[in-house]
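**Student:** Sharing a structure here in C-alpha cells format.
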Amino acid sequence: MEVYNLFYGAVYLFTGLWTGSFLNVCVWRFPRQLSPIKGRSSCPRCGHALSPGDLVPVFSWLFLRGKCRYCHRPISRRYPLTEALTGLVFLLCFYVFGAGFRSVPACLFASALITAAWIDWDFTYIPDGISLFILLAGLLSVIPLPAYGLLTRFSWKSLGDHIVAAVLIGSALFIVSRLTGGGIGGGDIKLLAASGFYLGLPRGLLALFGGYVLAAAWVVPALMRGKIHRRSSIPMAPFFAVSLILSLLWGEQILNWYLNLVFRGGV
C-alpha cells in the first residue's frame with residue numbers, strides 16, 4: 001500500500017505541475033481572447049518563443065534564476081507558484097479521494113478555481129467559460145458512468161440537491177448584489193453558483209462564508225495601511241477559490257467539527 005501511495009502520489013503531483021503550467025497559459029490568454037492550445041508559449045516580456053527546456057514546471061524557472069533565457073528580464077514568481085500550488089492540490093485530491101474516478105472532477109474543479117483566481121486578481125472579472133467548466137465538472141461528479149461501476153450511486157435526488165444548491169446560492173447572491181448596488185460582481189455570482197452545484201449546499205455555504213472571512217482578513221489590514229480605499233474594487237475570486245478548495249477537500253470534516261462543537265456547547 002505504501003508503494004501504491006507513493007507511485008500514484010508522484011503521478012498526481014507530476015500531472016498537477018504540468019497542469020499548473022497550462023493554467024499559466026490560460027490566465028495569460030483568456031483575458032486577451034486567445035486560444036490556450038494554439039500557438040507556442042512565449043516570454044511575456046520580449047515575446048520570444050520558448051523552447052521545451054524553458055517550459056519544465058518550476059525547475060526551468062529555478063534553473064534560469066527567474067529570468068528569460070533570451071531577454072534576461074525577470075519572470076514573475078507567479079508562474080512557478082501556480083505550478084507548485086496546482087501540483088500540491090492534485091496531490092491532496094489523490095490523498096482525499098483516492099486514485100479512482102472521484103479525484104478527476106475534483107482536480108478539474110480546483111484547476112478552474114486557480115485560473116479564475118488569477119484572472120480576477122489581474123482584471124477583476126471572471127470569464128463565463130470557467131463557471132461553465134465547473135458546472136461540467138460537477139455533472140461529471142454526479143452523473144453515473146457504468147464503465148466505472150458508478151451506476152448504482154446515482155439518484156435523481158442527488159442531482160436535484162446539487163441543482164437546488166446552485167439556485168439557492170446564486171439567487172441569494174444576486175439579491176445581495178441588487179440590494180448593495182453591485183456589491184458582488186456577476187462573475188462571482190456565476191462562479192459561486194456553479195461551485196455550489198459541484199459541492200452541494202452545506203459545503204457551498206461553508207465556502208461562501210469562508211471566502212468572506214478570508215477577504216475581510218485581507219481587506220481590513222489593507223485599508224488600515226492605505227493600500228486600498230473604501231471604493232476600491234476587490235477581486236473576490238482568490239479568496240473564494242481558497243475557501244472552495246478547502247471545502248472540497250475537508251468541508252465535511254469542518255462541518256462535522258463545527259456541529260459537534262455547537263451541540264456539545266449547548267449541552
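One is the number of the first residue shown, and numbering goes on along the chain from there.
A Cβ is built for glycine as well, from the same backbone N, Cα and C atoms used for every other residue.
TrEMBL: automatically predicted annotations, no manual curation.
According to TrEMBL, the domain 'Prepilin peptidase A24 N-terminal' annotation covers 15-97. Under the heading domain 'Prepilin type IV endopeptidase peptidase', TrEMBL lists 107-219. Under the heading transmembrane segment, TrEMBL lists 6-30, 85-118, 130-151, 163-184, 204-224, 236-259.
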**Student:** Using a Cβ-Cβ cut-off of under 8 Å, list the residues of the same chain that are 6+ residues beyond the ends of the transmembrane segment (6-30) and lie near it.
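**Tutor:** Hits for the transmembrane segment (6-30): 36, 41, 44, 55, 57-58, 78-79, 82-91, 93-95, 99, 103, 107, 111, 114-115, 118-119, 122, 127, 129.
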**Student:** For the transmembrane segment (236-259), what are the same-chain contacts with Cβ under 8 Å, counting residues 6+ beyond its ends?
**Tutor:** 89, 92-93, 96, 106, 109-110, 113-114, 116-121, 126, 184-185, 187-188, 191-192, 195, 198-199, 202-204, 206-215, 218
